[in-house]
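Participant: Swiss-Prot lists H54 with the feature active site. Residues or ranges marked as active site, proton acceptor by Swiss-Prot on the basis of sequence analysis: H100. Feature annotation from Swiss-Prot assigns ATP binding site to Y57, K96, D500, G537. If you look up Swiss-Prot, you'll see E98, N538 marked as Mg(2+) 1 binding site, on the strength of sequence analysis. Residues annotated as substrate binding site in Swiss-Prot, with sequence analysis given as evidence: S99, H100, N101, H102, R121, Q245, E317, S318, Q319, S540.
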Amino acid sequence: MSLMLEPNPTQIKEERIYAEMGLTDEEFAMVEKILGRLPNYTETGLFSVMWSEHCSYKNSKPVLRKFPTTGERVLQGPGEGAGIVDIGDNQAVVFKMESHNHPSAIEPYQGAATGVGGIIRDVFSMGARPVALLNSLRFGELQSPRVKYLFEEVVAGIAGYGNCIGIPTVGGEVQFDPCYEGNPLVNAMCVGLINHEDIKKGQAHGAGNTVMYVGASTGRDGIHGATFASEELSESSEAKRPAVQVGDPFMEKLLIEACLELIQSDALVGIQDMGAAGLTSSSAEMASKAGMGIEMYLDDVPQRETGMTPYEMMLSESQERMLIVVKKGREQEIVDLFEKYGLAAVTMGKVTEDKMLRLFHKGEMVAEVPADALAEEAPIYHKPSQEAAYFAEFQQMKMETPKVENYKETLFALLQQPTIASKEWVYDQYDYQVRTSTVVTPGSDAAVVRVRGTEKGLAMTTDCNSRYIYLDPEMGGKIAVAEAARNIVCSGGEPLAITDCLNFGNPEKPEIFWQIEKSVDGMSEACRTLQTPVIGGNVSMYNERSGEAVYPTPTVGMVGLVHDLKHVTTQEFKQAGDLVYVIGETKAEFGGSELQKMLHGKIFGQSPSIDLDVELKRQKQVLAAIQAGLVQSAHDVAEGGLAVAISESAIGANGLGATVKLDGEATAALFAESQSRFVITVKRENKEAFEKAVEAIQVGEVTNTNEVTIHNEENEVLLTANVDEMRKAWKGAIPCLLK
């Protein structure tokens with residue numbers, strides 16, 4: 001009997017065993033007070049994992065409350081598996097993004113794969129069919145062999161899981177900066193579709209109803225994964241490989257189909273994914289949200305390893321498992337349904353009225369804890385916040401324009417920067433056409449997926465320029481949301497809502513907490529102005545290696561509604577003779593830019609600035625022009641500035657180029673990263689109508705010369721670049737670095 005080895009309650013207290021599990025002295029004293037006695041080993045484990053930052057948001061809740069979370073289309077905000085937004089005709093879109101950073105740092109293939117699996121379960125546990133996946137990835141520089149290994153394995157893991165399960169990976173972003181070398185970021189997003197009447201909640205209602213366990217069996221993988229995600233990575237992290245779970249996408253495919261059939265049955269009361277903290281979080285949260293209790297008999301848990309203790313079963317994060325509550329007396333229907341898919345469905349407990357979570361094993365009660373205490377009563381910490389030392393210094397710097405000798409060489413060098421370069425090497429490994437609903441494939445501003453049976457589409461994107469946020473968290477936070485919305489608009493979509501993944505360093509450091517606060521302030525303001533509420537998300541703290549934090553990276557996942565698929569617009573030029581317009585003014589803004597990083601090897605100074613009211617006005621004008629059929633192509637101006645944006649629009653086309661004239665100082669005109677700018681092409685016959693509808697400046701026209709030529713206001717040629725050569729450089733950059 002392995003139970004003999006577990007320390008008794010007195011030992012747990014005297015030897016401070018709780019501290020190894022992640023509880024502080026004060027927290028352990030709180031547990032003692034809640035229970036009116038010392039907790040046993042299993043109970044200490046339950047509290048340690050439910051009160052971790054990963055599950056309780058105890059360090060970030062005061063900040064998260066600033067987000068606007070309601071709107072006329074919002075059907076479900078934060079608090080359930082995923083958020084839900086109405087898209088009309090009794091349909092809704094369900095989406096969420098989550099991080100799997102720490103597991104991916106030590107076991108990149110499985111870490112990334114199970115990140116994808118977990119976020120898919122969050123979406124179908126709401127009753128939705130998953131229709132698309134996206135991701136947002138950060139790595140160190142590709143010159144490092146370790147980074148190459150992480151990059152290749154993470155991409156393979158995402159591809160391996162998504163392709164097997166048959167959900168298209170349609171978009172995302174990959175950025176490279178030295179600060180991510182020891183701590184990559186892997187954020188996965190899933191989007192699903194649902195009819196209003198099918199929406200399910202993770203709630204355990206109805207005393208006497210049956211608690212069932214469905215899906216894969218439980219092993220020792222991932223024990224304390226949530227706690228592991230709530231501490232900094234160190235050399236000893238390698239030893240925590242067992243805390244990384246192993247995914248089985250074929251099992252999950254069956255689980256999706258079984259659960260979507262289950263949702264049509266009136267026998268189902270509630271359903272929740274066993275994610276972080278496994279059985280503990282699913283049971284405690286479902287009971288707490290319903291104001292009920294749950295009793296569970298752990299001998300009935302399907303186990304794939306022998307001699308598992310209650311502690312191990314409750315804290316395992318084995319994948320592809322769900323906890324469901326069904327009406328009493330209807331259990332056999334559920335067993336039969338899951339059996340049809342070759343899956344186990346086992347009765348393992350019941351709903352009670354007294355709000356307690358009780359666990360039984362081998363005939364004895366092994367834990368008795370108030371469900372609310374686990375799910376709702378974690379301490380909330382108002383961490384000290386202090387402006388980062390570098391901030392004032394950066395703010396006071398006069399922004400100098402970098403010295404550029406040769407504009408053409410600089411453009412080619414920028415196109416080969418891994419953050420700008422083609423990500424085809426990445427997305428060619430993903431099946432982005434499975435389910436045959438993908439209208440706009442990876443590589444344009446946003447992906448678009450058809451809403452079957454309608455003329456509508458969903459536009460989706462992930463965005464975050466972490467460098468801007470490092471330089472100025474509040475301004476950068478605004479830009480992250482605005483850029484996501486700009487990408488949706490350029491694709492013909494109306495921005496609906498966002499999910500976020502807040503990736504930061506250690507919140508116990510006041511300067512890091514300041515970054516969190518300020519970036520959330522900026523994001524919240526942008527969400528209010530652009531009317532894109534936050535409907536759910538995830539916080540990932542402690543992204544540090546050897547005390548060095550990553551850049552603050554609050555990734556934005558946004559979904560927009562394309563009201564009619566004929567509005568779908570992409571970034572590449574369409575035909576020679578079309579007029580090229582630029583919307584928005586260019587300033588000499590180079591802080592955090594690709595050019596600054598490339599020339600100086602570091603970033604400094606002020607980030608670009610943004611006026612959210614101006615941003616909103618421009619987005620509305622562009623979207624109206626697209627919906628009126630006046631726009632041929634649209635592309636947001638981001639990393640690398642106008643020269644890169646115009647080149648990308650040419651690279652995506654076949655045999656087309658452009659002749660363009662840009663005013664102002666040449667380096668800024670070409671490469672500055674000022675916000676709220678678009679490159680738009682318009683048919684000549686629509687010139688008047690377009691200029692009436694949109695404040696834009698005509699800068700040139702699309703040609704069939706296969707060259708991009710840019711002049712200054714004196715009509716001197718700044719650069720002429722062959723589009724085939726640019727395409728070759730842009731497409732070859734990442735494969736070349738990986739060789």
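Every residue gets a Cβ built from N, Cα and C, even glycine.
Help me picture these features in the structure, burial and contacts included.
Facilitator: Every protein chain considered, the tally of other Cβ atoms within 10 Å of the Cβ of H54 (active site) stands at 28.
For the recorded site, H100 (active site, proton acceptor), the DSSP three-state label reads coil.
In the shown protein chains, 31 other C-beta atoms lie within 10 A of the C-beta of D500 (ATP binding site).
Long-range C-beta contacts of N538 (Mg(2+) 1 binding site), restricted to its own chain and to partners at least six residues apart, with a cutoff below 8 Å, comprise K96, M97, E98, S99, N187, D500, C501, L502.
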Participant: Max Cα distance spanning S99, H100, N101, H102, R121, Q245, E317, S318, Q319, S540 (substrate binders), Å?
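Facilitator: This binding site's residues have a maximal Cα-Cα distance of 20 Å.
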Participant: Based on Cα distances to Q319 (substrate binding site), point out the closest of the recorded positions H54, Y57, H100, G537.
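Facilitator: If we rank H54, Y57, H100, G537 by Cα distance to Q319 (substrate binding site), first place goes to H100.
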Participant: Near R121 (substrate binding site), which residues of its own chain have a C-beta under 8 A away, given they sit six or more steps off in sequence?
Facilitator: G81, E252, L255, D273, G275, E320, M322
Participant: At a 10 A cut-off on CB-CB distances, which of the recorded positions K96, H100 has the highest count?
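Facilitator: Answer returned by the neighbour count: H100.
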Participant: If I take the alpha carbons of G537 (ATP binding site) and H54 (active site), what is the distance between them in whole Å?
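Facilitator: About 12 Å separates the two Cα atoms.
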Participant: Please give me the CB contact count at 10 A for S99 (substrate binding site), counting all chains in the structure.
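Facilitator: Summing over all protein chains shown, S99 (substrate binding site) has 27 other Cβ atoms within 10 Å.
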